[in-house]
Amino acid sequence: MGSFRSSLFILVLHLLEGAQSNSLIQLNGNGYEGIVIAIDPNVPEDERLIQNIKDMVTKASPYLFEATEKRFYFKNVAILIPASWKAKPEYVKPKLETYKNADVVVTEPNPPENDGPYTEQMGNCGEKGEKIYFTPDFVAGKKVLQYGPQGRVFVHEWAHLRWGVFNEYNNEQKFYLSNKKEQPVICSAAIRGTNVLPQCQGGSCVTKPCRADRVTGLFQKECEFIPDPQQSEKASIMFAQSIDTVVEFCKEKNHNKEAPNDQNQKCNLRSTWEVIQDSEDFKKTTPMTTQPPAPTFSLLQIGQRIVCLVLDKSGSMTVGGRLKRLNQAGKLFLLQTVEQGAWVGMVAFDSAAYVKSELVQINSAAERDALARSLPTAASGGTSICSGLRSAFTVIKKKYPTDGSEIVLLTDGEDNTISACFPEVKQNGAIIHTVALGPSAAKELEELSQMTGGLQTYASDQAENNGLIDAFGALSSGNRAASQRSIQLESQGLTLQNNEWMNGTVVVDSTVGKDTLFLITLERKFLSPIPFFGVPSGRSQDSFLVGKHNKMAYFQVPGTAKVGMWKYSLQASSQTLTLTVSSRRSSATLPPVTVTSKMNKDTGKFPSPMVVYTKIHQGTLPILRAKVTALIESENGKTVTLELLDNGAGADATKNDGIYSRYFTAYDANGRYSVKVWALGGVNTPRRRAPPLWSGAMYIRGWIENGEIKWNPPRPDINKDDLQGKQVCFSRTASGGSFVASDVPKSPIPDLFPPCKITDLKAGIQGDNLINLTWTAPGDDYDHGRADRYIIRISTNILDLRDKFNDSVQVNTTDLIPKEANSEEVFVFKPEGIPFTNGTDLFIAVQAVDKTNLKSEISNIAQVSLFLPPEAPPETPPETPAPSLPCPEIQVNSTIPGIHILKIMWKWLGELQLSIA
């Protein structure tokens, strides 16, 4: 364990270039190291949970080893224990491990009894996931009947997380037609089982045979496929790892390419094993010839937060009022962002370093004010970043080890010697957050964040964008309880002329309101009167404290701010004003609405697009239909505004999961870009009753035991728009960090961006053998603008359509004019050039083309099956018995002929026709 902990920094340096990942996982030989499993602070203390986690991983490792043909196993795992749990000698202090970079989170179910394991996946096929979520009851083995053994489920979720594969089942469509037969959505197709219909009432279920609809040929929606307990087939883990004999992923030879599941839709019909083979992990390993060792574990307990500000006061900080803006942002951090109980120190540097404050524990406003008074007020000299860092290490070591401490480093200058202290940075184990101010900040600055797992941000000299305050506002601790974290409600700025006003509204919702702070920055002074704020009760609020030296005014709302709309009006002339509003959680039982944002990579090379993601949740519940806007600002000062969408199209991987996404293609220069998002929730903004388990192990509806089908209760239908009756109204802003662009050509920038891939193509039969297609329109440049035309092709062979798209039959699309990106497209056509008769399986794909003839990737492949229902049997008139013969009372059974038997036979024949159609 010791050698792993000491080598953690070296491992972090080998993260994939450009990947925006907080994870510390590394593949060392064939073993995964640096896995962090965090117990959420809301989980009640229970030491057994730690042993349960160990048992789960220990059982998962050999299963992973076998499933990957002796390539991978779990080597060591860090278990992150909440600060509120009782300390023990075996619990050590974390180094770089935090809740932010945890790979697995064990948290309470929300809502109760919703113990489904799942993995949050923002990206597309082959892209790593974000986190795995388990509940304490699941880890304890109390949900084996519902999901299977914990170790096997962990491997299923690990494949989502590490290799970006998807599920091979489909809760929304469990059967499909192929060659006139109903087929279950399974992988591999060789899995044997029974198709049955459970009819449940109360706690008991009756099993009945599935029946096909006479019009569609499909089984009832409630039908289930129950696998046989004994199978000869060994795949697939992404379908049902709960089957005892399933020990492999689906491979190309046994992959069910026709099954309508996420793996086929998102991965272009490739098997999970093919995707895994394309991963960097697979490419740099060879199978082991010996059995792997059992995993080892380190127990880490979160301690007090220790932060040292390292602030540039060199001569260049006088440019554009940078030092004044530093004071304003630093004051926000010290007065509001940093949590009560944290230890904070401060170092300023130019060509040398100066200790402005030793570590001070924040217990009251007095410590906050004293630290704020220590902020540097004069700028001169050169820039020596290493001097500032070394001084910060010394300040921290006077009271605590540097492991797990944090340094906030702000600089605006170049420093060619910054790499000289990289070895000391690795050795000291502090997490370094970097703030690059202006266009000339040291180019190596981001390396410090990347090697230590810190946040990297960039603030331009455009004061009205409020970038510096946003950067400091993003530095709330992710390791503290949710009630202590600062939440930013508003961040606005405007340059006013001729006594103009800046007016607006801030929503204080019921999940926040504690420690609410309104902060205004200015360049000179306010015109009379002082800023006006109208509180929801209708009264005005003008009790602002005005700082003369750092040009700011602020108002701390006493107690809990009143829920409602807070209106503001600020007046000035020929100067820039900014407004920042932050608050904290108001209720111990009601989770706050939180907004987090990130880019898919921290470096972008033209013409590769970037993707901006924003996650909006209340606890673990996703917030839907919010209005989310991203502002992306380059070093040139150009700002691009993007509307982010949760529509399951373009850059957005999954619809209605509370993750809003959009491609960014509007490069205008090389260098740094900052990212900021606004999120607004109004009367049409609901939340789900439960998180969508899109990438989770399959819920076991039933199983066969001693020849009899046993049933679990129906799983709550949480993937539907099952929404709370209470709407969610809120306003939030958040920093998405920064990224660095390269290879951007000089203006005019050529059009090298094709339309994005269509990922939600759906097809159905309409009327007289017509096919109805729907999809979300791509754009001219990925998901922006309007495509020029569509190419639609069809085939009766799914692989021919995928691999020989240009040779497949083309549909006439003369009358199909593309709509604006993200609009719904509908197109109806009659197949020509291919016989379309009863039982025909037809596969359809679409390709978008832009005005410069750049083509998108081929869409997901949609399928329709032409099913002509059999003619209904003619009604047989009842026989009239001869009047002279009495009609005896009879029981209907298989030995007595007559009208009853005839009706039964007709019914049976009809069912037989449907079952073999």
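For all residues, glycine too, the Cβ spot is worked out from N, Cα and C.
Note that the structure is a prediction, hence the values are computed from the model and not measured.
Here Swiss-Prot flags E157 as active site, drawing on similarity to another entry. Annotation note: E157 (active site) sits in a helical segment as assigned by DSSP.
Taken from Swiss-Prot, the feature Zn(2+) binding site covers H156, H160, N167, and the record attributes it to similarity to another entry. Over all protein chains present, the Cβ of H156 (Zn(2+) binding site) has 30 other Cβ atoms lying within 10 Å.
According to Swiss-Prot, the domain 'VWFA' annotation covers 306-475.
The feature N-linked glycosylation site is assigned by Swiss-Prot to N503 (among others). The Cβ of N503 (N-linked glycosylation site) lies under 8 Å from the Cβ of K567, Y568, S569, L570, each of which sits 6+ residues away along the same chain.
In the shown protein chains, 15 other C-beta atoms lie within 10 A of the C-beta of N772 (N-linked glycosylation site). Residues or ranges marked as N-linked glycosylation site in Swiss-Prot: N772 (among others).
According to Swiss-Prot, the feature N-linked glycosylation site maps to N806 (among others). Around the Cβ of N806 (N-linked glycosylation site), 9 further Cβ atoms fall within 10 Å across all displayed protein chains.
DSSP assigns N812 (N-linked glycosylation site) to coil in the three-state reduction, placing it in neither a helix nor a strand. Marked as N-linked glycosylation site by Swiss-Prot: N812 (among others).
The N-linked glycosylation site feature in Swiss-Prot is assigned to N838 (among others); the stated evidence is sequence analysis. Cβ environment of N838 (N-linked glycosylation site): K180, L866, F867, L868 lie under 8 Å away, each six or more residues apart in the same chain.
The N-linked glycosylation site feature in Swiss-Prot is assigned to N893 (among others).
Annotated region 'Metalloprotease domain' per Swiss-Prot: 46-199, in sequence order.
Per Swiss-Prot, the feature signal peptide maps to 1-21; the stated evidence is sequence analysis.
Cβ neighbour count for E157 (active site): 25 (other Cβ atoms within 10 Å of its Cβ, all protein chains included).
The recorded positions examined here are N167, N812; by Cβ neighbour count within 10 Å, the least packed of them is N812. Ranking the recorded positions E157, N772, N806, N812 by Cα distance from N167 (Zn(2+) binding site) puts E157 first. Between the C-alpha atoms of H160 (Zn(2+) binding site) and N806 (N-linked glycosylation site), the distance comes to 32 Å. Same-chain residues with CB within 8 A of the center of the H156, H160, N167 CB atoms, the Zn(2+) site residues themselves not counted, are T119, E157, A159, V165, F166, M238, S695, G696, A697.
When secondary structure is read from DSSP and collapsed to three states, N838 (N-linked glycosylation site) falls in the coil class.
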